[in-house]
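Peer 1: The pyridoxal 5'-phosphate binding site annotation in Swiss-Prot covers L88, T89, F116, P117, S118, D119, D202, H205, Y227, W280, N308. The N6-(pyridoxal phosphate)lysine annotation in Swiss-Prot covers K228.
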Amino acid sequence: MKILQYKSIENVQYSKNILYFCGHSMGLQPKSTKIYINKILNQWKNLGVLSYHYGELPASYCDEQLSIDCAQWIVNAKFNEVSITCNLTVNMHVLIAKFYRPTNEKYCILIENDIFPSDYYVLESHIQWHGYNTNDCFIKLKPRLHEYCLRNDDILPEIIKNQHRIALIWLPGIQYITGQLFNMKLITEWGHQYAKCPVGWDLAHAVGNIPLYLHDWNIDMAVWCSYKYLNGSPGAIGGLFIHEKHHHEEGSYGPKFIEFTNNNNITIFNNINGPQLTGWWSHRSETRFNMTGNMELAKGANAYRLSNPPLLLAAALTVSVNIIKSCGGMINLREKSIKLTDYLEYLITNSSLALKHDHYCLVTPSNSNERGAQLTISVTHMNIQVVYENLLKLGVICDYRLPNFLRITPIPLYNSFEDVYLLAKCLHQVLNDTLN
């Protein structure tokens with residue numbers, strides 16, 4: 001990122017070279033994105049309604065190749081298990097509506113204590129939808145005293161202890177504050193073996209960050225956004241995964257339901273074949289425009305789409321996914337990512353630019369197998385907003401979360417080792433020199 005104008009930001013009245021380390025919150029715009037979007041805009045301009053079915057990226061099908069590419073290059077799944085559609089929260093609602101099937105005995109959802117608020121709101125709404133009390137339905141995993149991250153040794157006992165009550169497990173692939181990478185394969189196995197329940201994952205901070213193997217890990221479902229590590233633009237189109245073992249039978253004509261009554265004597269109709277919630281784009285494309293009013297579900301994950309994908313957002317994400325393909329996929333990017341984050345950790349902990357131990361605490365696990373690209377530090381003896389603003393004045397863009405967490409992420413697609421070194425110098429200046 002060469003130049004960024006700060007003139008709209010209070011107290012910063014100059015332009016300079018920027019050190020951008022905030023890809024965990026918003027990825028940068030690829031150089032070719034504007035060119036490609038303008039090309040697609042011209043397609044709409046020149047073809048009008050015909051652009052639904054013709055042109056380089058027909059609007060009605062703009063998600064199809066994108067879904068295939070994301071399945072192959074980003075999450076390692078079968079093509080029929082991935083759909084690029086809607087956004088993370090909507091996709092989560094659609095999948096939770098299918099997989100959260102509370103009964104009198106099993107009605108609880110296992111989550112982390114510091115779950116991302118949006119995910120909490122989704123789960124809370126489904127608990128209430130089924131007529132249950134939220135206070136009775138959440139089992140929360142908490143780190144040990146004076147620790148930031150969850151230990152596998154503490155997750156398994158909690159699953160075993162509550163296996164008779166757990167109806168669903170929902171966790172993040174990578175925790176948004178600490179940057180901790182969860183062992184998705186192992187935890188999914190535990191959920192299946194002991195709680196005998198579906199296990200779902202929020203991959204907002206994992207997709208485009210680390211290699212994923214969703215099919216092979218036997219994950220039931222997952223959702224993600226695309227504006228962070230995938231650089232898909234603000235409010236980018238999201239994605240969902242549903243393992244093929246949960247797919248409805250081919251030729252299924254709409255949802256099939258069973259009726260049961262929960263412990264509050266409320267009658268619930270649950271879909272046992274395909275999505276619980278459907279829409280215009282859940283219908284198979286071959287007969288969608290016959291307008292019969294009879295739902296004919298699309299195959300696999302495509303049945304979990306709701307409406308026509310946004311063409312321009314699909315175009316923006318197409319550019320970004322093609323860049324990842326040109327790099328050889330996530331394994332190559334991860335190799336550089338590990339080196340960048342390891343280098344940053346070395347600089348702030350053991351080099352001549354090391355931060356004083358009483359000025360910070362490293363929150364993210366030091367083991368590269370237990371983290372993604374993000375490195376989070378807890379700042380002591382200084383207001384975190386002041387730290388953020390002082391870094392901003394030096395041209396460093398990262399972000400913070402209250403009460404005192406500074407989140408920094410070297411991105412292999414656009415950060416260099418020199419960037420990381422210059423960042424460490426700025427951190428040293430702000431944290432060490434200011435507090436001396």
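Our numbering is plain: 1 for the first residue shown, then up by one each step along the chain.
Cβ atoms here come from the backbone N, Cα and C positions, even for glycine.
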Peer 1: Which residue among the binding-site residues F116, S118 has the fewest other Cβ atoms within 10 Å of its Cβ, if you could check?
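Peer 2: Candidates: the binding-site residues F116, S118. Fewest Cβ atoms within 10 Å: S118.
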Peer 1: To the nearest Å, how far is the Cα of S118 (pyridoxal 5'-phosphate binding site) from the Cα of the residue listed as 'N6-(pyridoxal phosphate)lysine'?
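Peer 2: With distance taken Cα to Cα, the residue listed as 'N6-(pyridoxal phosphate)lysine' is 16 Å from S118 (pyridoxal 5'-phosphate binding site).
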Peer 1: Using a Cβ cut-off under 8 Å and a sequence separation of 6 or more, which residues in the same chain sit near N308 (pyridoxal 5'-phosphate binding site)?
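Peer 2: When sequence neighbours closer than 6 are ignored, N308 (pyridoxal 5'-phosphate binding site) has A59, S60, W280, W281 within Cβ distance under 8 Å.
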Peer 1: If you draw a 10 Å sphere on the Cβ of Y227 (pyridoxal 5'-phosphate binding site), how many other Cβ atoms land inside?
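Peer 2: Looking across every protein chain shown, the total is 24.
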Peer 1: What same-chain residues, at least 6 away in sequence, bring their CB to under 8 Å of the CB of D202 (pyridoxal 5'-phosphate binding site)?
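Peer 2: Long-range Cβ contacts: L88, M92, F116, D119, W170, L171, P172, G173, A222, V223, W224.
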